[in-house]
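According to TrEMBL, the features are:
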TRANSMEM  B:12-33  transmembrane segment
TRANSMEM  B:40-57  transmembrane segment
TRANSMEM  B:63-86  transmembrane segment
TRANSMEM  B:98-116  transmembrane segment
TRANSMEM  B:143-162  transmembrane segment
TRANSMEM  B:192-211  transmembrane segment
TRANSMEM  B:231-255  transmembrane segment
TRANSMEM  B:267-285  transmembrane segment
Amino acid sequence: MSLLEVDRINTLYGDSHVLFDLSIRVEEGEVVALLGRNGAGKTTTLRSIMGVLAPRSGEIRLDGKPISGLAPSAIANMGVQLVPEERAIFGGLTVEENLRIAALTAPNAWSFERIYGVFPRLKERRKSLGRTLSGGEQQMLSIARALIRDARIILLDEPFEGLAPLIVRDLVNVAAGLAREGRTMIVVEQNVAAALSFATRVYGLNNGHVVFEGTSAELTANPDLARDFLGVGA
Amino acid sequence: MPSWPALASQAFNGLALGSLLALVSSGLTIILGTLGVLNFAHGALFAVGAYAAFVMLQYTQSFLLAIAVGCGFMLVLGFLLERLIIRFFYGRPHEDQILVTYGIGIVLVECVRAVFGGNAQRVPTPSWGQGATQLGFLIYPTYRLQLIAIIATLLVGLYLVLYRTSMGLVVRAGIENPGMVGILGINLRRTFLLVFAIGVVAVGLAGMLYAPVVAVTPDMGANFMAQSFVVIVLGGLGSFPGAVVGGLIAGEIVSLTSAFNSSYSEVMLYALMALLLVLRPQGLFGSEGRV
Amino acid sequence: MNRPRSGGLRSHIPELAILATLIAAPVMLPHLGFSIDLLTRVLNWGLIGLGFDILFGLAGLLSFGQAAFYGVGGFVTAYLLVSGTLSSVWLALAAGTISAGAFGLVVGWLAVRRIGIYFTMITLAFGQMAYFIENSPLSHYTGGENGIPGVPVPVLGFGEHAIRIGAGLPMYVLFAVIFFGGYVLARRIVRSPVGAILLAIKENTARVAMLGHNVPAYKLAAFVIAALYAGLAGGLLGSFQSYMPPDAFSLETSGQLVVQTIVGGANTLIGPLVGAAVWLWLRDNLQLIPGLTTLWKLVLGIAFIALVVGLRRGICGEIIHWLTERRTLSARRAAEAATEAIEAGAVKTASSRARDTALPLPSPATGNGDIALEACALARHYGGLKAVDGVSFKVRCGSIHAVIGPNGAGKSTLFKMLLDEVSPTSGHVLLFGSQVTGHGVSRTAQFGIAKSNQLNQLFPNLSVRKNLRIAALARRRGPLRIDLLRTADSLPEVEAQIDAIMALLDLAARADTPAHILAYGEKRRLEIGMAFATSPKVLLLDEPLAGMSPSERAATCALIRDIARTCTVVIVEHDLDAIFGLAERITVLYEGRLLADGTADEIRGNQRVQDAYLGGLHAHEPA
């Protein structure tokens with residue numbers, strides 16, 4: 001039994017059909033990358049798992065138990081944590097308050113010190129309001145909110161988007177470290193090279209369908225495999 | 001030009017009215033900010049609070065006890081309203097929310113009228129608030145000074161709840177981004193219930209504390225509600241600091257204007273709001289909240 | 001094409017029914033506890049309600065300040081008469097009504113800039129302000145808390161033949177005549193283009209603006225209309241009870257109007273009248289029953305809550321719904337069945353259909369040179385983030401031009417700047433050489449740039465035909481025209497254009513189907529069709545194929561090619577296969593900058609574009 005199974009879900013955004021019978025599965029301790037051009041349905045997949053969008057049909061199971069149809073708060077409390085694309089930092093709350101609210105309902109919450117060990121920069125800025133943070137710091141805080149909850153699966157949606165290369169390198173190092181420690185993650189990223197550097201397995205998505213399934217190594221060795229769902233023109 | 005003592009006396013009146021408006025408005029604004037509902041029953045709840053003080057005082061003979069029991073009553077009323085009606089309106093258009101709370105207001109006011117009649121009731125000033133106090137060159141009613149102090153304490157308490165407790169943290173985060181609060185594992189519905197009840201208690205308390213100063217009638221809340229709308233537009237919708245500062249400004253404007261020409265006191269308040277809407281529509285404290 | 005226009009006796013059934021009721025009421029209703037005076041009072045409330053229903057029921061703007069205009073109309077009329085400034089009640093009524101309208105113009109100008117609860121709070125606050133102005137600063141003229149006693153009744157005719165319209169039946173007749181006139185006018189307003197646009201504003205304000213209508217001005221028009229009705233009613237009130245009471249200005253008055261409208265039924269015009277009848281009847285009759293004297297309003301309040309919670313249509317709304325439901329039920333069932341069939345794929349979409357529709361449109365406009373649209377160094381920064389950073393490109397007239405790029409490239413921000421939905425931090429946009437930036441989205445639409453949206457922005461409860469009509473009227477009427485007396489469907493060339501576009505969209509069979517019942521693919525086509533129906537010079541399509549099945553994609557691509565024969569098309573789309581099939585030129589954005597610009601073949605062969613899309617998979621990062 002996989003840790004997470006997404007079983008032939010169909011999800012609509014408004015009345016626009018985005019995911020068509022989409023199935024993926026994630027084993028405990030692996031990092032899975034969802035790749036595809038925009039509009040392929042990657043973000044919608046993550047939002048479906050988190051319960052933000054309810055699939056019209058199909059089932060999502062965590063440890064074999066169905067979670068589709070539950071509220072996001074219930075799904076979060078089962079150990080799934082979305083780090084959304086827009087980061088969704090509470091701008092009027094300080095860094096520490098952002099962490100505190102994340103930890104509120106987590107039974108095995110990390111200590112602040114442990115989080116600051118991963119992101120020393122956040123310790124320096126712990127009294128600053130969220131809205132005063134730079135893009136990179138916001139992204140760190142957003143990931144830190146998932147970590148402090150000790151989430152079993154972290155869903156990273158475009159974690160490197162719009163960030164300077166140096167900051168991307170730092171964040172990739174953090175993600176790679178988490179992967180080594182065996183933290184389960186699903187990452188959606190436009191920066192394919194960065195995502196593949198710490199992901200073990202890959203699903204390629206196109207128009208709401210899974211069109212490729214393989215390992216990161218396969219894809220890195222043979223980039224032509226990605227033309228179908230990433231490249232331009234046939 | 002009025003004399004300095006007269007001006008100072010009006011300034012104190014402004015402080016008393018302003019702190020009262022701040023308390024009324026902060027109840028209104030945290031409900032609006034968190035739940036997204038503009039509570040048109042707020043004025044009626046002010047009157048209900050005043051009548052609660054009136055009734056409890058007759059039973060208990062102690063002003064403090066009356067207020068304590070009255071708060072319990074308002075809390076229960078708040079819980080009931082949220083559970084029975086308000087919560088079904090979170091997903092509905094603002095117009096529906098306004099209409100249903102306006103309807104609740106009518107029912108509350110008419111219940112009060114049915115029980116107590118339409119005539120004004122008097123709530124006596126508590127024994128510890130009798131008389132007047134000498135403040136340098138001016139003599140000022142003791143209870144009003146106490147009123148200012150009590151409300152200041154209550155506002156500090158509300159500040160501590162909002163800024164120093166987990167619930168306050170959730171409320172402030174929920175005003176900004178309720179979706180993300182849910183993603184972090186927090187069920188906002190319970191917070192909504194609490195916030196609504198706190199807002200109801202706040203306005204009820206304002207009614208109880210103000211009861212000894214004015215004639216208590218079923219319709220006494222309507223004007224306070226209209227003024228508190230001005231206050232939250234002034235301060236920025238959903239902003240607690242905005243409600244406090246806006247309340248004080250509004251109170252001083254009404255009182256100081258009446259030192260010069262009493263017939264313009266209320267008009268000035270609304271004129272200021274019109275001006276602000278043109279020049280700074282988001283209010284003094286920035287954001288428009290969730291609206 | 002000759003479609004039967006609405007008209008004839010049938011369409012005047014509501015007016016005839018009202019007329020009959022007004023004639024029968026003083027004969028029948030007194031037996032049911034309605035005195036003549038009560039009926040007159042009901043008509044007075046009904047008259048304010050006509051205007052309020054245009055504001056709230058039609059345009060969706062909930063005002064809690066109508067008492068201000070009722071009071072202004074009443075006090076100006078009463079003062080002019082009692083002070084002896086005017087001797088004619090009619091002239092004084094006119095002056096009062098106009099004063100109320102002028103006050104409405106000022107308050108409305110401030111209020112319509114804001115929406116939702118802001119609008120409601122502002123109107124309420126101005127209502128209170130008017131109350132206090134009457135009460136103190138102007139009490140020398142208005143009598144303050146005492147009001148103005150001794151307001152004379154109107155006189156009909158001159159000299160010896162003059163007839164005083166006294167209390168009782170004559171006064172009822174006067175009110176009934178005025179109400180009937182007001183009703184006929186209000187119904188014409190509802191059926192006019194202005195009425196159609198106001199209803200569309202309630203359905204989807206943003207789309208009405210995007211089509212080119214001046215939304216604040218139309219809202220203001222509704223606000224002033226409501227103020228005029230309230231002012232006239234206020235003026236009549238003084239004459240009716242020979243006393244102008246200050247509580248006309250009270251918040252209670254505004255609230256009563258709202259409650260009556262909801263009870264009677266919003267967006268029915270006569271709802272407020274019926275609601276007033278219920279309110280006043282309960283008040284007068286329950287008061288006679290011992291033990292219930294004070295409870296009538298409680299009963300009403302509970303009923304009101306029940307109506308808001310449950311039956312949103314109110315009394316008249318339910319009756320009208322019941323009557324029309326019987327008539328239209330079968331049509332709606334059929335439409336829903338058709339939708340299910342399409343969703344299930346049973347009906348082949350019209351990909352292979354011959355397209356020979358002649359569009360009643362000019363061929364692509366050619367200005368100076370052949371550049372239709374030019375983006376000049378457009379940039380948009382959000383704080384430190386440069387979403388778009390100095391992008392320039394040209395779109396040739398009559399071509400299909402695509403903008404593509406990986407996620408986060410800045411395509412949607414760029415698109416919004418082309419339309420002036422988002423104002424650029426720097427740079428500007430030229431349409432046939434003249435600058436369009438800085439005018440806002442409605443003016444840009446009037447210049448001739450239309451956009452279909454990534455997420456459908458339809459008027460869900462309006463039929464396909466009415467959706468298209470709102471769009472087609474936009475550039476033909478200009479940003480604002482107050483033509484209250486013509487009917488919305490009375491322009492034959494507009495109707496012909498709508499018919500042609502429905503044929504083009506393959507939606508002719510769905511003309512009378514409400515948009516929300518359509519299948520998804522049909523909604524997408526309607527979305528594009530609405531933008532096209534404004535007869536734009538340049539049509540922007542934001543992800544027109546989003547969420548479509550492969551066969552729907554093919555059909556939509558064919559539709560886009562057809563449209564491109566009459567106007568220049570700029571398209572943002574993820575489906576690159578479709579883009580390479582459609583576009584003559586492609587602009588590629590990457591991280592907010594222009595990466596490449598060229599023909600489909602050039603772009604396909606461009607290594608830098610390939611690298612950008614592959615997200616660094618080749619390990620050499622593009623600059």
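Just so it is clear, glycine is given a Cβ too, placed from its N, Cα and C backbone atoms.
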Distal contacts, the transmembrane segment (B:12-33) - CB-CB under 8 A, six or more residues away: 39, 42, 46, 135, 138, 140, 144-145, 147-148, 151-152, 154-155, 158, 162, 171, 175, 195-196, 198-203, 205-206, 209-210, 213, 224-225, 227-229, 231-232, 235, 237-240, 242-256, 289-291
Contact call for the transmembrane segment (B:192-211) and the transmembrane segment (B:267-285): at least 3 Cβ pairs under 8 Å, seq gap 6+: no
Considering the transmembrane segment (B:63-86), which listed stretch of B:40-57, B:98-116, B:143-162, B:231-255, B:267-285 counts the most C-beta pairs under 8 Å: B:40-57
Tertiary contacts of the transmembrane segment (B:143-162) (same chain, 6+ residues out, Cβ under 8 Å): 12-13, 15-16, 19-20, 22-23, 26, 30, 125-126, 128-130, 133, 135, 168, 171-172, 198, 202, 205-206, 209-210, 212-213, 240, 244
